[in-house]
Amino acid sequence: KECMADGTVCYIHNHNDCCGSCLCPNGPLARPWEVLVGNCKCGPKA
């Protein structure tokens, strides 16, 4: 299965699909609502 490239918006249901980590402005999966509204993007492995 392919992973999602860095910069791809990641959500709570697919944050494990990032090639690296699902990063939010306040840290990885910092606040559930940030993930839900699309503020988080795939980035380098934390």
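Yeah, the Cβs are placed from backbone N, Cα and C, and that goes for glycine too.
Quick caveat, the model's predicted, so the values are computed rather than measured.
Under the heading disulfide bond, Swiss-Prot lists Cys3-Cys19 (among others), citing similarity to another entry as support. Sequence-distant neighbours of Cys3 (disulfide bond) (same chain, six or more apart, CB under 8 Å from its CB) are Asp17, Cys18, Cys19, listed in sequence order.
A strand conformation is recorded for Cys22 (disulfide bond) in the three-state DSSP classification. Annotation comment: Swiss-Prot describes Cys10-Cys22 (among others) as disulfide bond, evidence class similarity to another entry.
Taken from Swiss-Prot, the feature disulfide bond covers Cys18-Cys42 (among others), and the record attributes it to similarity to another entry.
According to Swiss-Prot, the disulfide bond annotation covers Cys24-Cys40 (among others). Counting every protein chain shown, 27 other Cβ atoms lie within 10 Å of the Cβ of Cys40 (disulfide bond).
Candidate disulfide-bonded residues: Cys10, Cys18, Cys19, Cys22, Cys42. Fewest other C-beta atoms within 10 angstroms, Cys19. Note: the Cα of Cys42 (disulfide bond) and the Cα of Cys10 (disulfide bond) are spaced 6 Å from each other.
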